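S.K.: So TrEMBL says this about it:
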- Arg20, His132, Thr349: substrate binding site (BINDING)
- Gly107, Tyr108, Ser178, His206, Thr233: pyridoxal 5'-phosphate binding site (BINDING)
- 40-375: domain 'Aminotransferase class I/classII large' (DOMAIN)
- Lys236: N6-(pyridoxal phosphate)lysine (MOD_RES)
Amino acid sequence: MRLQDLSAALEELQGQHRLRCRTVLASPQGVEVEIDGQHYLSFASNDYLGLADHPALVRALREGADRWGAGSGASHLLTGHSLAHQQAEEALARFVGREAALLFGSGYAANLAVITSLVGRGDAVFADKLNHASLNDGCLLSRADFQRFRHNDVEHLAQLLADSKAPTKLIAVDAVYSMDGDQAPLPALLELAERFDAWLYVDDAHGFGVLGDGRGSAAAHGLRSERLIYMATLGKAAGLAGAFVAGSQPLMDWLVNKARTYIFTTAQPPALAAAVETSLRLIAEGGERRERLRQLAALCRQRLEGSPYAGDSTTPIQPFLVGSDERTVRLAAMLRDRGYWVPAIRPPTVPENGGRLRISLSANHELSQLDALLDVMLQLAED
Ligand SMILES: *Cc1c(COP(=O)(O)O)cnc(C)c1O
């Protein structure tokens, strides 16, 4: 893209209803947000448990800053790794029942780290077709043979694994698919990993804090295996920012030595790490919040059942399938006019003609608020 072509290319995106732009929030994250002086009921954030603005978590962050200062000042391998980071890693490992954990600045960085550190040229990665973009980028960057299997199709994956002669194999999946809300068949995937001597890398960005009593998707299935590498982000249900990888100690030692997105980046502010234990406590005590999420998801399913808009999700990600980009964008705009903020998701984030409104549920939503939203959505979609 040359300098002189940028404006025309942006206009072309606009013409295709594919121009993306940011909205500026003038309030903390929550179910009620302020944008451009207007108040909206938001179904757009990944703050599933409503912790991003929880007073106890805000206090923990503030106290963390008082104790540890503002910045970490260096990468983990220089002098950026504080006792706050160390203790957060130990707490995270304990929480998800693994030997060790490693903190990352973001889930994106964690995904690049794990995949590029374990597979390279001549190896093979096996990725679900609907995997998150950051997993795909990790696969591409690794230079390993990048094979994609049909969404949640264990037979297809088994076939690809059986045909592969790669010395190191890694299966990478989202535990909860970020645009559909459905879940990966983790026990069957782990069985294949055992059978074909492969790693199973699980990105639980949307399951951590929500599934398995908050301990995530692997815990929900009681899966224990050193070849299962667990990754979760701290910026979604955990209400903070960053991510962690959990698994065996030798794996963490390997990542510390090899992962370029760990080595060549500044450690997160220690205050964030210091707040992790409070986030974990709130997650552990969040049974009622998770029950509310289940009720909201059940209501959504029930209201959309049998309609052409229904997806197949029992998680807080509930897609309202629309189709064309134009119609998706138009519906989102009409919802905004009525005080609802529900994001329009278009290709390339989803397949062509897979446009949808992505309803993200929060434990702070009232059932009546969701019910009212669905009334409006169904009515607008029928017109
Ligand atoms: C959000 C997300 C990521 C990226 O995590 P960040 O911490 O936001 O960088 C990775 N994988 C999935 C499935 C996600 O939804």
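Quick reminder: no glycine exception, Cβ is built from N, Cα and C everywhere.
The shown structure was predicted, so the numbers you read here are calculated from the model rather than taken from an experiment.
Can you walk me through where each of these features ends up in the structure?
M.R.: Around the Cβ of Arg20 (substrate binding site), a 10 Å sphere holds 8 further Cβ atoms from the protein chains shown.
Annotation note: Thr233 (pyridoxal 5'-phosphate binding site) sits in a strand segment as assigned by DSSP.
Long-range Cβ neighbours of Lys236 (N6-(pyridoxal phosphate)lysine) (same chain, at least 6 residues apart, Cβ-Cβ under 8 Å): Asn46, Asp47, Tyr48, Ala205, His206, Phe208, Gly209.
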S.K.: If I restrict to non-local contacts, at least six residues apart, and a C-beta distance under 8 angstroms, what lies near Thr233 (pyridoxal 5'-phosphate binding site) in its own chain?
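M.R.: Set apart from Thr233 (pyridoxal 5'-phosphate binding site) by at least 6 residues yet with Cβ under 8 Å, we have Ser106, Gly107, Ala110, Ala205, Phe208, Gly242, Ala243.
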S.K.: Could you round the CA separation between Ser178 (pyridoxal 5'-phosphate binding site) and His132 (substrate binding site) to a whole angstrom and send it over?
M.R.: 7
S.K.: Name them in sequence order: residues not among Gly107, Tyr108, Ser178, His206, Thr233 whose Cβ is within 8 Å of the mean position of the Cβ atoms defining the pyridoxal 5'-phosphate site.
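M.R.: Other same-chain residues near the pyridoxal 5'-phosphate site: Asn46, His132, Ser134, Asp203, Ala205, Gly235, Lys236, Ala243.
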S.K.: Tell me, how many other CB atoms lie within 10 A of the CB of Thr349 (substrate binding site), whichever protein chain they belong to?
M.R.: 16
